[in-house]
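This report concerns only the one structure given below.
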Amino acid sequence: MEKIGVAVRVRPFSSSDATTKANYWKIVDNTISLCSPLGTPVSGQAFTFDYVFGPEVGTQAIYEWHTRGVISSALHGFNGTVFAYGQTSSGKTYTMRGSKMDLGLIGLAVHEVFSHIQQMTDREFLIRVSYMEIYNEDINDLIAPENRKLQVHENLEKGIFVAGLREEIVSSPRQVFELLEFGEAHRHVGQTNMNVYSSRSHTIFRMVIESKDKNAVLAGTCSSDAVRVSVLNLVDLAGSERVAKTGAGGVRLREGTHINKSLMTLGNVIKKLSDGAAKQGGHVPYRDSKLTRILQPALGGNAKTAIICTIAPDEIHIDETRGTLLFASRAKRVTTCAQVNEIITDAALLKRQQREIEDLRKKLKGFQSEVSEQEILRLRNDLLKYELEKEKLELELQEERKAQMEREQRIREQELKIENLSSLVISSTFDDALNKENGKHLENRMVQSGHPNGLITVRRERQLSPLNFELLANRSAEKYIKRSGRELDFEGLSTFENVANEDLWATMNDGQAATEPDFLFSTPSRWTSSVGSTKGGGSSSVVGALMSSKVKMERYKCQLEEAWKENSELRAQLQDHCTFQAELQSELVKLKEEFSLIKSTKYVLEEFWDAMKETKSSFSVTIRDFLIREKDYLGSAFTKSGDERNMKLESLTNTVVKLEAELSACRAEKAELQTQCRSYAEQFQCLTANITKDGGESPEGANCIKATSQSPTKLHYDNQEPDISCEAPLDRDCGMNCEENCLPHGHVSNDEEHLHSRPRMAAQVPRLGVDTQSVQKDLSICVSDDGWLKRKGNKGDCISEDVTISGRQNNLENMTQMLLMSKGHIKELEKQVLLANLETERTKAILLQQLDMHEKSVVAMKLQKRQFAEELKSIMETIALQDNFVTSICHGIQGFDK
Ligand SMILES: Nc1ncnc2c1ncn2[C@@H]1O[C@H](COP(=O)(O)OP(=O)(O)OP(=O)(O)O)[C@@H](O)[C@H]1O
């Protein structure tokens, strides 16, 4: 839906009005307002439009600003209409047709169409033109003048069309201009007082623009074989005119009547449309005139429309200009619904729809991928990273466990070794006890054998063996006794054997010909062989073995210490690893918690999303309702107030006009009465003069009344126009033909006439005499200073007592009464006019106040609306953001779940 574009063009002052070039219309931006001669704006007389072009603006500029859009749209398949509206001689034809030097909108549009066609190489065009006029409600073809009184029809395929109208295919602007020239020659124009070359008909120049995609035709595809057909109407209306101004009569008057009638219908149609009648299913009187019927699609249908309202700035045209501006204001509120007109085959339609579906799918996909795929990828990556890390940690944990187990194993082994070694130490101390027993013998032997270290070694061994000899000696002695008594007990060997390292033992007893039962005892696997050797071994080998055993023991002690150290280190390491493991465990727990939290967040977000959706929908419903309600309210408030105001103003204007009419009627009546009175006075004077003249000659001279010079008729109006009116003709009462009997003042002196009338007068004298006497008795009237007839107060005040006319007594009385009444009536009317004027002023002031208030409230409302819209926009943006966020999270969670 789009509004009709309305612009106003003010033409320069016409040369005939050059003397009165006071500018009553002031243009500020796109507002034109009526001003007093002093330049102060008249309230309520400001009109704002899309554009207001002053007299200095040329047609080319108007075309660029206001009309070009419609022409371009027509080339793209939209129907378009441009028309000029305004009073006669305001410049409609000047604007639409222009001249050869200064092209009008029609010429500029024609050039635009053809230059555009040349530029659009991808489409092929077919242009058809027609030119018609509506003259006295008859449609005539201007290209084929023989086609007259054409009829308007309507059908589904063509819509509204003029049957039998010739359409010429054109391929260049020159061809079009030739046709226009030809049509112009057949157009009805005529001279009026206001315009020497006045359009007496409405003309519609029509271009039908068909176009088709060239490439589609070449490629042989049927998808784009749709043909765009648009109709461009360029209308030059005849101007509204006032007979009083145009001085039209006869044919011109008839033309003017038809022009005004059709323009009035156009005004009504625009008024109805601006009131929204069409939307409410109301009747729009398109059919009331041929013009509105033909322009029906342009006014309330499928077309883009631009109106140029032309006005004359002269003071004498203020009323007409105001009318034009009111029309323009109404037109500004009218909306049309233009759409591209295409003729499509079924196959093309199918293809097009398929393509549209494809496009939509692509868009949908694109949208989905754009919005969520990146997010999903990111989440997937995160998830993978997380999983990899988890696996790594698990592997590390497993390795750590393995290492831990190994360490524990080693520790156990070490402990066993230690135990083993400890037992070895015990054994060696036992050997020391034995040595003690044979101490001297041993020492001697060492000395004897010349082994200098023998004693030292033993001593040192003693020193290095801190074990409690006593305790161990007892235990070992027991064992020894048993062993020596051949009561060898191998009970404990099984366990010992299990824990003893065979290699260690081998190392320990390496090369020893152990004859000592302890050695045999301590190495059960070699016991059998050792027994034999022991039996045959010497004491030196025992000492050597002992020595080596001690050395080895020393070594083992060192090893043990190292093992203890290692062990403690390992324990510390184990402790560290345990802590690390515990940390890892807690981290794992945390991650699990996080995961469950994400899951729960997903549900929460889903819930939140649902709630959001609900809120959003309810919110949009509320806002829609609000906007509809507000719109209706605002629209109705405006329309109502505007209408009420207009109605009030109209009724007030009507009242004033009525009162003025009545007043002027009264004045006319008064003037008539004045003339009558004057003529009566003259007649009266003439009669008196006659009577005076004829009095002496009459046989009934005694009965005659003399209007002597001493007592002249005193109907005085001192050469001033007496303000007297009278309705009743004098001759009705007196039974005389005034024209015959009462000559005008100027004729009294004419002797011939005087002589001719004398016998008649003489015949009337007796009757007049009687009348005069009775009038003398009953009535005396005079014409007062203020020009009104009055009953005479004092005798001889105004009218001579001699001059009394009885036959006219009633008549004069009636006249006086009527005059008095008329005076009262006029005064009353004047009062009413005054009151009405005051009322108008008061109402105007109130209306202005209301208008001000309305405007203020409208501004406030607009501000509120804008603020509201901004808030709404930000809310919608937030919702959209959250929407995206939630959707992406959902997708991520779904991906994660998968
Ligand atoms: N903007 C303008 N600048 C100069 N001259 C103008 C302008 N507008 C109108 N005129 C002149 O005023 C005269 C009347 O104009 P035009 O014939 O266009 O009026 P009109 O509105 O078409 O009248 P009608 O309704 O009687 O046909 C013409 O001589 C025209 O040249």
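Backbone N, Cα and C atoms are what each Cβ position is placed from, and that goes for glycine too.
TrEMBL lists coiled coil at one of the ranges 19-53, 579-613, 649-683, 859-893, namely 649-683. Residues from the binding-site residues list (Gln87, Thr88, Thr93) with a C-beta closer than 6 Å to any atom of ligand 1: Thr88, Thr93. Neighbouring residues of the recorded ATP site, listed in sequence order and excluding Gly86, Gln87, Thr88, Ser89, Ser90, Gly91, Lys92, Thr93, comprise Arg11, Ala84, Tyr94, Asn195, Gly239, Thr310, Ala312 (Cβ within 8 Å of the Cβ centroid). With a 10 A radius on its CB, Ser89 (ATP binding site) counts 27 other CB atoms from all the protein chains. Of all the Cβ atoms in the protein chains shown, 23 others lie within 10 Å of the Cβ of Gly91 (ATP binding site). On the 0 to 100 pLDDT scale, the coiled coil (649-683) averages 77 in the predicted structure. Counting every protein chain shown, 29 other Cβ atoms lie within 10 Å of the Cβ of Gly86 (ATP binding site).
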